[in-house]
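Trainee: Got a structure for you, questions after.
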């Protein structure tokens, strides 16, 4: 249909049904604009229908969830919650199935014999402790009328003992040591009694603590796996703290050391002392003299070695470690300035622990001082050719290669061989280090049955002391050296060593160590364990005053206790872990209390036993390669930077 346009042109009027989408949109805009001008207002439903676009009719409005930090679709939110709950239900269902299905539990394998024996061997040191009663009182005030007595019982003590203690049959002892001696008048309470008596000999005790520290430095992981690391550290600290009491450890220079407490010489007649009397240490009422030395190079160097080695054990406690290093330095300076043996002149100690030389202690102590401080002057001294010569490195002799409380050279040679294997310091130390390394190889060869350096009993026990009494203390030291040296070689990726033209793998050394320790633990013709408390058959008449006298409230006098020494009855108290002196050269053993050559334990013997046992215990792990060198600076300093390029 056409009409006349007012402007002169034809006007096309389209049919409503044929309107285009654009026309509808323009008309819809006009309709919306007209809403405000209508005479009759529309309700909300009508307005929402009218305002909806052509494609909006029948569409649902989306809903959202406001989570505070983010706005998400309600549908997505519900799906997420559903998935989380479904996953939790699935996990719970799986867990329920796992819990309810029967399983076969595989218990941990039982500890090996070496670990079991290690637990017991450490207990011996608890029975040898000497300590004191500490008494404290609160002031009497209206609020505090109660007097509090704090009892600390350590050595031969009952009551508040360390958790590893096994000596409930003990009480306080040695509480007047040092104080009762008019020439000393200072407390020397503490330390360890040497053997079956109550004498405190610093010389073998210092060697014992050095050996224990060495074993901890090398095998701390094994101690920890056995649950004994805290215990062995307590033992070492107890000994180190006592050594610090025996001289003026706060000074830089000293002029004396308390070398011994108690006397054992009975040649002067029936004078009451630690050997003449047979009494419980708690009941000692006889004089206990203190023996001081003013020129004792061997003792000072050995004590320095003990404190230096302990400082590495306690390197995690900086203050205490530095205190030990300072004490070791003071002792070392004293020992080097006053050249003499501590047991010279027929002293009381000479009858029991006579030192034959102080040169081996200089090599041994100098090695430990270097490892504890990193000061190269100690290494220069320990590796000086003249020092090695005086220490006996270049001559044989029947006791060559036998580590003991008197001969430290074999231990020093193994220790310095370790330095060469891992750090290889080179000049000017290489000459003697190579010599010591070769000599260590020779000593290891001498332990093997194929060589005839030492005899063996028919039962297989090596006779390192050539048939003399008390052989086991030497055997355990050799077993430790063999085991630790084999671990050194393996850690250095060295499969073995040469004995002349013959090559032997490291396993041969461990086999030697095992056979000797197995003998001690019961694999011998007597079928007897020489470690008290281990196995089904062990000595019952140990030569030990505290173990042989009952704690029954009766005080036995000096001679009154002899009846317990001489009785054929077993000891009323079991001194667990004590390694006795051992059998004779024919594998024979007499379990007789009065014969100390068979049945007396010693501090030095048990220290070597502990070291050998921990080296053989467990599976794998080997030595700690780095801890022993924690104080040693880099052998070769960082090279300087290259010079600047040359400019014309």
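Glycine residues also receive a Cβ, built from the backbone N, Cα and C atoms like all the rest.
Please treat TrEMBL annotations as automatic predictions, because they have not gone through curation.
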Trainee: Quick one: sort out which of 30-52, 53-75, 76-98, 99-121 is the transmembrane segment according to TrEMBL.
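Mentor: Of the candidate stretches, TrEMBL labels 76-98 as transmembrane segment.
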Trainee: For the annotation transmembrane segment in TrEMBL, which listed range does it cover: 124-142, 143-161, 162-180?
Mentor: 143-161
Trainee: Which of the listed active-site residues (591, 600) has the least company, meaning the fewest other Cβ atoms within 10 Å of its Cβ?
Mentor: 591
Trainee: In sequence order, what residues of the same chain, 6+ apart, have a Cβ less than 8 Å from the Cβ of residue 543 (active site)?
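Mentor: Expected: 195, 196, 580, 593, 594, 595, 596, 598, 599, 600, 601.
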